[in-house]
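Pulled from TrEMBL:
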{"type": "DOMAIN", "residues": "B:11-193", "note": "domain 'Tr-type G'"}
{"type": "BINDING", "residues": "B:23, B:24, B:25, B:26, B:27, B:28, B:140, B:141, B:142, B:143", "note": "GTP binding site"}
């Protein structure tokens, strides 16, 4: 595997914790933020990549929960330890209403050229229900500030299948969404994960969630409506205007390597996947000792690489490139997974065109059925 | 050993077992006895020593027999040899109880000081009386606040006919009365009376299969003496073997130079097949055989039948191996190969009762690691065809067409339920609902009642005992015996998934309740069978007529639409879990059916 040309940096601090979130994150207050950023710098030094970096993604948590000086220091460290290509896609996650024009200007100075704004919904009641700390107008305000600062490539995150969410509310949110000057949409369905407030509520039976049929209808509406408004689905949950597909996410789906920096971050370098310590003291201690802050690492054997190539790659609408697969593994997809392709074709979930394997429109909503079939016995 | 020493030793032997209702404290008492007789140091002592199998521990019941040799120094200063032979407490295992009682001269009858005598205990007491055992009644748990030993004393006298003043008050938990019990064993239980020098007569009362040693037989020496190296003969099996090792359990196996009259222990003799060492058979010497074998046991026939199928058809041979091995230790288990259109190759198995069935099923899944589909349990129906031919049907799918049937008879039991009189109404209502015929009702004392019903066996094999317990807050105790066959208005109900008849889901029901049952089953299956890629109609039919229907909706969405970033292992785990879940389902036609669906057809509840 070539040296990774993608970089992910995790900022695990939040001013408020969302009810659904199970990412590695901590209340900002009283946290050793400055130490953490320097520790990230040390991890970057240990993880320096020879190849120039083509995509950077700073996610969280909430990167914009940092003070401007702290965020600036983090950006400075990234440039110190990595060669960022001038043409690189450089994304920062933004919490609506949490960044000023000066913040965006500073980001721009360090090469940030793309923002991912966590709107989730434009319904005030639902925002409250999921414990977001922004109001419905904050998304638009942040977009305007960013544009004034010269960052125009903007993605917005949306969620459906929220507690009590109606089809009508979802449609209204999407109508609002497409009226904004944005180029990319990520739309996720709510999944109840352990260690979240929602999980507790759900266990007590205190959470009313839309059923499977409703979720499917919400997705179908999303898919059709965004298409009508010039956003093409290029992955199950991701939609972009032509030419604005996220390069960073595609590194994951193409089964390419990436450097992962920060507490709880994941990386995939030279065939080894690793996961970093989540708790800050553990992460900081490992860095201080001059060690990689890995809690686990795993040399991915070829059969798993092939599985991942399929179950990640099939998430893309263009699907898995058969030539590329054969070049990487010396086997055709049919030989690597005997009988699987034809069976899925019979079920109407998979299609093969010009040596690309891709989900059918029906297969999109039943993706896990397809992905599962590509796990080897 | 010299002949006179053998006689001396024989006279110091006391063989006894413990009869008790579940939860009345048998295992705790056994533990206390083991402690007192220093069979184990405290450190070696694990709680509830005799219940060795995991399953027994979990369910709190004893399934396999155990025989332990203990040494007890009595108040008279003499040392006695005790053999404590464990008995199962559940009604399914009456046969095993009779086996172990036959190896004893005495029995401790444990009665809970608060709850009094229970129906199952009574059944075992009668077995003990049949075997002419000396019974020592013990009133246990006398230190409980709710204890009423005087009432229980009266019950022992009235119900069993033993003198009430002979009851020993005890609390196994607190160690009260243990010495008195041990002294009573010495005084009251007769020593064995066989001749150690006579030709060998040893009774096989159990056998287990050990992968390294072959069959290990549990024996009680009734006459004569046996030593390693001797040639023995199975009187019924007619085969001869050379004794490799004999010994006793303390509870650890300890090998001995000889076993003589009164000894209860084990024998290993290169026996490869448990069929060659049948429980109830008599072992004698090949060179100097005894003239008459010991009376054998009455072999109980299985009453409940079901199909066991591997979820993964590749496990078929492993399943057969597992059943063969279990059969070695469990002569009550029967099986033969059968084929189902829906489930493929499997086995029709016969059990003593539902608990027995569940235990076998769990052991196969746990110890042999085979995922199983269990079809709904069935009894044996006696079908008389219009041409006069009579056939026995233990698998509903084999029921002849309705036009060919003249009449069907089904097995009935006489059921005795003992219950405080507050719950008489609840019990009677349950028995009526289960198509019971009222026979009699007797007051045991001012507030305990014995209710007698005749019930179809098919109605009690499934959830009768559970329902009885829940509708009487656990106060009812229950026992039953088969009384024969009666004619009933029965029909076969078929279940169709996706318009395909699934033979493994067919059941026999009473015609009057067919519509209700069909409706409940159709709804139940709708809940249990996960959505498939296509809509699946569920139908219940009698003959060609559809009597109930539900629809399993098509799966609409199953895709991870969540941002996990670079966390690929998380996605992988999710998919692996999904795949694992499907492995536990059976592809029936085009439908993936989970294991529990096959049992659900017997469910009577709507939830």
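Cβ coordinates are placed from backbone N, Cα and C, and glycine is handled just like the others.
Taking the binding-site residues B:27, B:140 in turn and counting surrounding C-beta atoms within 10 angstroms, the largest count is reached at B:140. Its Cβ taken as reference, residue B:142 (GTP binding site) is surrounded by 20 other Cβ atoms within 10 Å in the chains shown. Sequence-distant neighbours of residue B:25 (GTP binding site) (same chain, six or more apart, CB under 8 Å from its CB) are B:110, B:112, B:140, B:141, B:172, B:173, listed in sequence order. Residue B:140 (GTP binding site) falls within a strand when secondary structure is assigned with DSSP. Secondary structure from DSSP puts residue B:25 (GTP binding site) in coil. Across all of the domain 'Tr-type G' (B:11-193), the predicted model scores a mean pLDDT of 80.
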